[in-house]
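Below you'll find the structure, written out as structure tokens, and then a few comments.
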Amino acid sequence: MTEAVEPVSNVFETILVLDFGSQYSHLLTRRLREFNIYAEMLPCTQKISELNWKPKGVILSGSPYSVYAPDAPHVDKDVFKLGVPVLGICYGMQELAWINGTEVSRGDKREYGPATLNVVDKESPLFKDVDHSKVWMSHGDKLYGLPEGFKVIATSENSPYCGIANEEKQIYGIQFHPEVTHSEKGKLLLRNFAVDICKATQNWSMKNFIDTEINRIRTLVGPDAEVIGAVSGGVDSTVAAKLMTEAIGDRFHAILVDNGVLRKDEAKNVKETLTKGLGINLTVVDASDEFLDKLKGVTDPEKKRKIIGNTFIHVFERVAAQIKPKNTDKEIEFLLQGTLYPDVIESISFKGPSQTIKTHHNVGGLLDNMKLKLIEPLRELFKDEVRELGEILGISHELVWRHPFPGPGIAIRVLGEVTREQVAIARAADHIYIEEIRKAGLYNKIAQAFACLLPVKSVGVMGDQRTYEQVIALRAIETSDFMTADWFCFEPAFLKKVSSRIVNEVDGVARVTYDITSKPPATVEWE
Ligand SMILES: Nc1ncnc2c1ncn2[C@@H]1O[C@H](COP(=O)(O)OP(=O)(O)OP(=O)(O)O)[C@@H](O)[C@H]1O
Ligand SMILES: O=c1[nH]c(=O)c2[nH+]cn([C@@H]3O[C@H](COP(=O)(O)O)[C@@H](O)[C@H]3O)c2[nH]1
Ligand SMILES: NC(=O)CC[C@H](N)C(=O)O
Ligand SMILES: [Mg+2]
């Protein structure tokens, strides 16, 4: 499998965030991008020698581990040979101390919540304009001393080593989390680090990204090669397809695969919107039998995702072989996907496959020996950034704000075995639910809503007859980046109406429930 496009990090000066597994790690990249510094997060196991770009600075994130634990993750020491500034946050600071021989162990008190920052070194560039601000703590371990060459630059009531620095080597450590909004001046502190200490240029913006991206695609694809694109009608792939169409016009062929687990009338509607509305050259391929046959008897969610991801690629390779490029005798080499940053983050993990939350079909479901080279222009972006991009590219507000729909579709919303009958039940219930959400004027207040079909039967009574049928679970969430989410509070009357319509109109359903779990601890999808 090959990633075909030159890394964005070679084009924009980039801060590297090494993720040691903290629940806040991704916020570090978000905050930096908010003040126009491009940042990229990689697992802490990243070998610096294998990086094909040079960061302007490195941030070591927090972690649920203790540095002294036998299985704790450790930083590649080559980070310090890059000659760029390094900032360790919480675990990151403890790691800086520990690898330099300083004792780190359990403190007598855990410190969780607010503290006031007391800057000792008033000249420190890291703390410019952040003295006396509230900072957010979340740790149980502490430093028992200073590593050689370091000095204390800040304290707090409970943390004598709240901020440390080796100014000569430009290595900094802080015990609190500047990336969370509860740290009042946290964003400013990160700006001080990235802009004043690392001297990174603040030129990351969506408009610059579009121009750069279009140029990168043109250079990569060359004057006559053609590209196919996996396009679902969802926000991500539509934005990616529009970008591609801007870059290479009708040398781009968008393919929508009907995998048999799409929503009601989806293929027809998408064809209409993309072709007529956006001038994207789109073909719909019906592969529903192939997908449903392969899913027969499979109940494990990860297996379903992998089967679907693999089958998508088989279909794309087949279609690519059928399209004969007009201006060249070469075969189609590239496949465009609308992969986003969260798809990547959740599908990989520094702790190995056991910690993968779920394999997004378009990342972990790819074939090892695939022939097509991937172009994923949105791979570094968050959902809200992609939406901003979509608006700038002139895609309709309605499409840009569509609820996401996962590639494995209804297959991961029919819990257990996927059959045509089960898919039909889930699809019908989902259609009613979304129709009612739209009628109630709630569609744009909710980030994503759908119905799931549970593999359990429950007893009911309909028309004086005993029924023994399945259960539908409704889900609706509020979130902007889909990394964390809360459930949406409907009025009871709304839920009553939806429940009654589903049970009355969908054969095979005897009961409707509403999912009231946030992410974490749940995920958005049930599988
Ligand atoms: N039915 C499909 N046909 C072709 N490609 C698909 C299909 N479903 C998903 N994909 C590919 O997988 C990628 C990831 O799917 P995902 O659902 O995350 O994004 P999306 O469908 O583009 O946007 P959204 O998140 O709004 O649904 C898509 O961007 C697209 O490249
Ligand atoms: O294209 C996709 N392929 C997948 O395999 C996949 N799994 C989850 N999702 C979507 O990602 C967002 C977060 O969902 P989770 O909290 O369930 O991981 C939600 O918007 C989900 O709908 C997927 N999208
Ligand atoms: N948030 C963190 O990075 C915590 C680090 C370490 N696990 C501690 O408890 O101190
Ligand atoms: Mg989708």
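Glycine is no exception: its Cβ is also placed from the backbone N, Cα and C atoms.
Features as listed in TrEMBL:
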- Ser232, Gly233, Gly234, Val235, Asp236, Ser237, Thr238: ATP binding site (BINDING)
- 204-402: domain 'GMPS ATP-PPase' (DOMAIN)
Gly233, Gly234 as binding-site residues, winner by CB count within 10 A: Gly233
For the domain 'GMPS ATP-PPase' (204-402), the mean pLDDT of the predicted model: 87
Contacting binding-site residues, sequence order - Ser232, Gly233, Gly234, Val235, Ser237, Thr238 vs ligand 4, Cβ under 6 Å: Ser232, Gly234
Annotated binding-site residues Gly233, Gly234, Ser237, filtered by Cβ under 6 Å to ligand 1: Gly234, Ser237
8 Å Cβ shell about Ser232, Gly233, Gly234, Val235, Asp236, Ser237, Thr238 centroid, ATP site members excluded: Val231, Val239, Ala240, Ala241, Gly338, Arg402
Mapped DSSP class for Gly234 (ATP binding site), helix or strand or coil: coil
